[in-house]
Amino acid sequence: MESTISSSSSRSVSPSSSSSPNSPPPSLPPVTVVVSPCAACKILRRRCAEKCVLAPYFPPNDPIKFTTAHRVFGASNIIKFLQELPESQRADAVSGMVYEANARLRDPVYGCAGAICQLQKQVSELQAQLAKAQAEVVNMQCQQSNLMALICMEMGQSPQASPPQQSNLDNFTIIPMSFLDDNNNFESVWEPHWT
């Protein structure tokens, strides 16, 4: 195309042209732009039309995307589905179809539902772990406040002039415990932890 443009510009600038000034410049052959067909049309072995519904969503450099969706849904169903949607929603629909097709190929029985159930199970397990950790934090905060209250009572009862005496707190140990047992039931919060 550059050679065509440079040759036409040289014709118009060149003073030694043999054509008369009133004659029209020679017409250039129409430039044909060769566009690679989309991945869908390549795989289906058909001519990719200018307004191909699949072209924006299945580029020629990513044929696996269309192959996966085509194996599960079929080309006619994909085209029909995309034609029914507004253009603003088509990209999301294609990515959803490709994801669902990949899930269906990995797990032919459950597909996306299997992945969703597995993720929901993980969420519920993590929520239980979080509740258990939060209960342990509350337990330790209660133990700390109880310990501080005992220390303050000991310091308030002993005369300030006398040397510090052996306290009952030396035998006190903080043992982390969980509010929740294995069945997610609350255990007794006020269990004594004196040794």
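Cβ coordinates are placed from backbone N, Cα and C, and glycine is handled just like the others.
Automated prediction, rather than curation, is the source of TrEMBL annotations.
Owing to the predicted nature of the structure, the values given are computational and were not obtained by experimental measurement.
Look at TrEMBL and you will find 116-143 tagged as coiled coil.
Annotation source TrEMBL lists compositional bias 'Low complexity' at 1-21.
The average pLDDT the prediction assigns to the domain 'LOB' (36-137) is 92. Feature annotation from TrEMBL assigns domain 'LOB' to 36-137.
The feature region 'Disordered' is assigned by TrEMBL to 1-28.
Summarised by DSSP class, the composition of the domain 'LOB' (36-137) is 73 helix, 0 strand, 29 coil.
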